[in-house]
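Features as listed in Swiss-Prot:
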| type | residues | note |
| --- | --- | --- |
| BINDING | C9, C12, C61, C64 | Zn(2+) binding site |
| DOMAIN | 7-88 | domain 'ZAD' |
| MOD_RES | S316 | phosphoserine |
| MOD_RES | S319 | phosphoserine |
| REGION | 117-173 | region 'Disordered' |
| REGION | 295-328 | region 'Disordered' |
| ZN_FING | 197-219 | zinc finger |
| ZN_FING | 221-243 | zinc finger |
| ZN_FING | 249-271 | zinc finger |
| ZN_FING | 277-299 | zinc finger |
| ZN_FING | 348-370 | zinc finger |
| ZN_FING | 377-399 | zinc finger |
| ZN_FING | 404-427 | zinc finger |
Amino acid sequence: MMHSAKNVCRTCMDETGTLVDIFANVRDPVLDEPEMSLSHILARCTERPVKRGDLLPQFICVSCVLAVQNAFRFKWQSEQSYQHFFRVLNQSGAPENQVHLAACNGDKNQIINQKMQLKSDRQQDTQQMTKTQKPDDDLSQKQTLQAKLQEGNIDGPPESFTLHPRKRTCRTEEQADMIPKEATRSTKMICDADGYYNCPHCSKRFCSQTQLRTHITDLCNRCPYCPRTYMQKSNLKRHLRNHLSKPAHKCFHCSKAFMRKDHLKRHLRTHDSDGPLSCSQCSAVFIEHVQLEIHRREHKQRPGSSKSESTKDPDSDDSDQAQDLKPKWTKNTFNGTCSIPPMLKPKPICDICQKKFSSVYALKRHMLTHNRQHHLKKCTYCSEEFKTEKHLKRHERGHMGDLFRCEFCSLVFVDVNYLRKHKKRIHSNNVIAM
């Protein structure tokens, strides 16, 4: 128990990341200083003693190493710049006593500001502690923590500590299951004093519960092997099969294999031009062999082949076999006509560019591109053209001077809807006051 309690980060108390010995020597490539111990860097940044063999953990995670290096780098840079300006003031001929006086005043003001900040922080901490704890709880809590550290029976940080959870990515399905479903679905999330909703897994804040739920979903349902994210966990599990399982749907034209059947069907379309899925009598192509066989039967019942079929004996075996190959369409009980399957219906073709479309509606939309020049509305004041009469009238207001001016600022708009959106977005406080 004592060993597991010590194998945590000294600064963020994280035990899942990569831990580094706090007394290891590191060298910052940005600074000119030689290698120094992490404990020395941490002590200079936090102004807390770091000694080997104390009761606190002797490790620090990699992210905290980067953070403390950045802090030490900033402190070192500030000291270097201060020394540089001090040398410049000496070289400029300023009296030495004024230079030292300015430096002393600057240091004195800095010390006073630090003391005032520490005093205010202590007062805030004292007020928070008095609301939640009794006066004697602080001493007893320290004694309890020290006793637990010596015995190795510590399970987590005390309640008085303020933990800032770090952003983590759910790399496996087991880690994704650790996040409760109530946190993303039915649980009512409580906002803080500033009106923001804090993420329970990282330090981000959001203005609404919807944004927070979307963020949690993006954080948890993320693929650990690629940057894809999914709204539902079932879609993530189906996607993980692409990384973990072997493809089961193999193409019988080439050596490719796919995890899903619809992906295989999509791939088979590339073999339509030269594979067995293209009809030998026409240019029709199909995805499955069943569709191709039905299409071939359609060629056998056309009028071109009726002459050869009429010369045969209706009682012969060949005629029976040909009769079996004929497609048996289902008759419509309302008008007595045969209902042809949608895959065998001829696709609509554009008369101008000979393009094929999946539906008549798609063909009509395409025809608008050819007739665009006939339907454009031209402005009577300039050479601009517009698709609709509404856009043309809105444009002509600018020529006639019929504009909408904002009464709060000097902006002018062509459409009254634009003016309303502008007031709502920019002058919302003034509109409410009126």
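Glycine is treated like the rest: Cβ placed from N, Cα and C.
Remote same-chain residues near the zinc finger (348-370) are listed as none (criterion: CB distance under 8 Å, separation of at least six residues from the stretch ends). Beyond the zinc finger (404-427), the same-chain residues lying 6 or more positions past its ends with a Cβ under 8 Å from any Cβ of the stretch are 394-395, 397-398. Counting other Cβ atoms within 10 Å of each Cβ, the lowest count among the binding-site residues C9, C12, C64 belongs to C12.
The list of residues near the zinc finger (377-399) in space but at least 6 beyond its ends in sequence, with Cβ under 8 angstroms from a Cβ of it, reads 414-415.
Counted within 10 Å of its Cβ, the other Cβ atoms near C61 (Zn(2+) binding site) come to 22, all protein chains included. DSSP gives C12 (Zn(2+) binding site) a coil state; it is part of no helix or strand. Secondary structure at C64 (Zn(2+) binding site), as computed by DSSP, is helix. Shown for the zinc finger (221-243): DSSP residue counts in helix, strand and coil, namely 11 helix, 2 strand, 10 coil.
For the zinc finger (277-299), the model's average pLDDT works out to 74.
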